[in-house]
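> This structure is in structure tokens; I'll ask about it shortly.
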């Protein structure tokens, strides 16, 4: 699933191609995504130019004078910039053709993605209204995590993956951040100290920054706006390394299921 670094990579990649470019046509080949693609999408987009490409959590927001286009990539979706005369491939469900002769194309094999239209303020939309802070926002601190976790018995890994606490920390990056902070993923969130939460908040920012700089993580099917894979998988310290030696102590990395997700950690370095 594309997580925050992958979505941010795509945001940065498509921005120069779509900002201030008038939409000249919209083609919806498959409207049945996670939610139906609006039947009036063409009327909302054609003739208008996008004024920006923003990201909120794992949602892309493309505002124009009439409203805002919301795109979510779901489990396996990708956005690419292609010449407008490029024939569609399998699972190319939505095309947004631009006056430049380029097209923003959504490919989504599993159809868990979304293309929606927002007429009001995006921050008031049901999908966005209850999200926590961005991990790079000033309000995301160890003190905030400590305060929100008091009395919580759930695993700290599940706690930091809760989008109401902080957005964009998916399974891969949660495992990596907890390892760097030296915190066992199964430790109860309410039993993590203020000092260790400060280390975790910094580790989250460091891991996400490194992943964005590497263009995201390719495990199955993530590619950027030009179809290139992300390379952060080459820098993973624990995720996907079950049985391999810890890079710090040499003990084999373990994998356990936490909250129905595979979680990787070192039993010596993480407490």
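Yeah, the Cβs are placed from backbone N, Cα and C, and that goes for glycine too.
Copying in the features that Swiss-Prot gives for the protein in this structure:
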{"type": "ACT_SITE", "residues": "2", "note": "active site, schiff-base intermediate with DNA"}
{"type": "ACT_SITE", "residues": "3", "note": "active site, proton donor"}
{"type": "ACT_SITE", "residues": "58", "note": "active site, proton donor"}
{"type": "BINDING", "residues": "91, 110, 152", "note": "DNA binding site"}
{"type": "ZN_FING", "residues": "237-271", "note": "zinc finger"}
{"type": "ACT_SITE", "residues": "261", "note": "active site, proton donor"}
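Please go over these features one by one and say how buried each is and what sits next to it.
Under the three-state DSSP scheme, residue 2 (active site, schiff-base intermediate with DNA) falls in the coil class.
Around residue 3 (active site, proton donor), a 10 Å sphere centred on its CB holds 22 further CB atoms from the protein chains shown.
Shown in sequence order, 2, 3, 4, 7, 72, 73, 167, 168 are the residues of the chain, 6+ apart in sequence, with a C-beta less than 8 angstroms from the C-beta of residue 58 (active site, proton donor).
The Cβ neighbour count for residue 91 (DNA binding site), using a 10 Å radius and every protein chain shown, is 16.
Each residue of the zinc finger (237-271) gets a DSSP state, and the totals for helix, strand and coil are 0 helix, 12 strand, 23 coil.
Take the CB of residue 261 (active site, proton donor) and look out to 10 A: across all protein chains shown you find 16 other CB atoms.
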> Between the recorded positions 2, 110, 152, whose Cβ has more other Cβ atoms within 10 Å than any of the rest?
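Answer by Cβ density within 10 Å: 2.
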> Give me the CA-CA distance between residue 91 (DNA binding site) and residue 261 (active site, proton donor), in Å, as a whole number.
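That comes out at 27 Å between the alpha carbons.
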